[in-house]
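Scroll down for the structure; my scribbles are underneath it.
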Amino acid sequence: MYIKQIELKDFRNYKELKTEFHPNVNIFIGQNAQGKTNLLESIFLTSMGRSFRTNKDKDMIRFGKEFFRIRLVAFKDDNDLVVELAVNRDGKKGIKIDGVKAKKLSQLFENVYIVAFSPEDLRIVKDEPEKRRKFMDRELCQIKPSYYNSLSQYRKALMQRNACLKEFYMGNPNMTDDILDIWDNKMAEYGSRILSCREEFVRKINKISGRIHREITNGKEQLEVSYEPNIKVSGNQPALFYEELKKNREKDKRRGTSGSGPHKDDLRLQIGHIDIRSFGSQGQQRTAALSLKLSEIELIKEETGESPVLLLDDVLSELDQERQNYLIRSLEKTQVFLTTTELSGEAEQRLGNIKYFQIKDGMIVSEKEKSML
């Protein structure tokens, strides 16, 4: 699978764009704030249905315009696959897959598999737990599309439960435990599914990332990734999950918010029994982050039989030569989109067949290909 073509209309700083991509490596070169990352964002959007930069779809509409539209053509299973996505100022989103209107966002997930890697991802180890939960959720939505429904339903139930708890906190006499029970049961139903999926995911990612980390460090370090569920219930057991929520109910009433559940989960990352989230060196944290991101690629291949498309947003400049070399060696049989202000001769040589796109002011001002043949 690879992306053949993209068309943009009033997306970010692009008025109109239509271009063809190389099945191997595509490099967007240009100064900052010219539109390189915007191109990566448009590709990510057609795979995941949302941006990796903003939660507000309307922020991606070009200034002064009423909507944006993206049309992406991928080659998959010996056929062209066409994904179209449009968003207007009211936030209404329309999606078509091969000309058929999608009824739900999760229909996107099984079409074009994506792994995005930015400088922000290098901080995933030391940043707050929310970043590590997002890492799990993005990957799981792609390899297990039903996960998105569980996550969405859990978040809705959590929002309603928190609204009820706020009423208890404010002393509303009309709020009762019977109402809270409704949302506790919903949270238990979907939360236990999330917990079960995350447990399985972390077991697999631990095995893959551990091997990658050993290779990067020449066997000097062993990375261990483990799941830290906020509610200590193993597997899909909604009844036990519910009991845990009920146990914490009075405390939650006093706080006016839900203090337990998958929205409080985390990943533990250790090297030699040292928690590198807090005590790892910058080098250890960056190597662990690289190991996690590369393990995403391998896991998607294992679970779907497809190689994902890799989006690298100015990452090479953040890595030392050793980590750069390992990353580039890992990109065989993977279509790559890479942004940079400049590319070293050594990196260029290692990347192989490349198509360059010079980006300026939301336009591709030049294109050229370099072949290793």
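Here the Cβ of each residue, glycine as well, is placed from N, Cα and C on the backbone.
Unlike curated entries, TrEMBL annotations are predicted automatically.
Owing to the predicted nature of the structure, the values given are computational and were not obtained by experimental measurement.
Database features (TrEMBL):
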type	residues	note
BINDING	Gly30, Gln31, Asn32, Ala33, Gln34, Gly35, Lys36, Thr37	ATP binding site
DOMAIN	2-341	domain 'RecF/RecN/SMC N-terminal'
REGION	247-266	region 'Disordered'
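Shown on the structure are the features that TrEMBL records.
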| residue | record | Cβ contacts under 8 Å, 6 or more apart |
| --- | --- | --- |
| Gly30 | ATP binding site | Lys36, Thr341, Gln358, Ile359, Lys360 |
| Gln31 | ATP binding site | Thr341, Lys360 |
| Asn32 | ATP binding site | Thr341 |
| Ala33 | ATP binding site | none |
| Gln34 | ATP binding site | Asn13, Ile359, Lys360, Asp361, Gly362 |
| Gly35 | ATP binding site | Arg12, Asn13, Tyr14, Ile359, Lys360, Asp361, Gly362, Met363 |
| Thr37 | ATP binding site | Arg53, Asp313, Asp314, Thr339 |
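Counting same-chain residues at least six beyond the ends of the region 'Disordered' (247-266), those with a Cβ under 8 angstroms from any Cβ of the stretch are 129, 132-133, 136, 154-155, 158, 161-162, 165-166, 168-170, 177, 180, 184, 187, 191, 194-195, 198, 227-231.
When pLDDT is averaged over the domain 'RecF/RecN/SMC N-terminal' (2-341), the result is 95.
Within 10 Å of the C-beta atom of Lys36 (ATP binding site) sit 24 other C-beta atoms, taking all shown protein chains into account.
Per DSSP, the secondary structure of the region 'Disordered' (247-266) breaks down as 11 helix, 1 strand, 8 coil.
DSSP assigns Thr37 (ATP binding site) to a helix.
Those same-chain residues not listed among Gly30, Gln31, Asn32, Ala33, Gln34, Gly35, Lys36, Thr37 yet with C-beta within 8 angstroms of the centroid of the ATP site C-beta atoms are Thr339, Ile359, Lys360.
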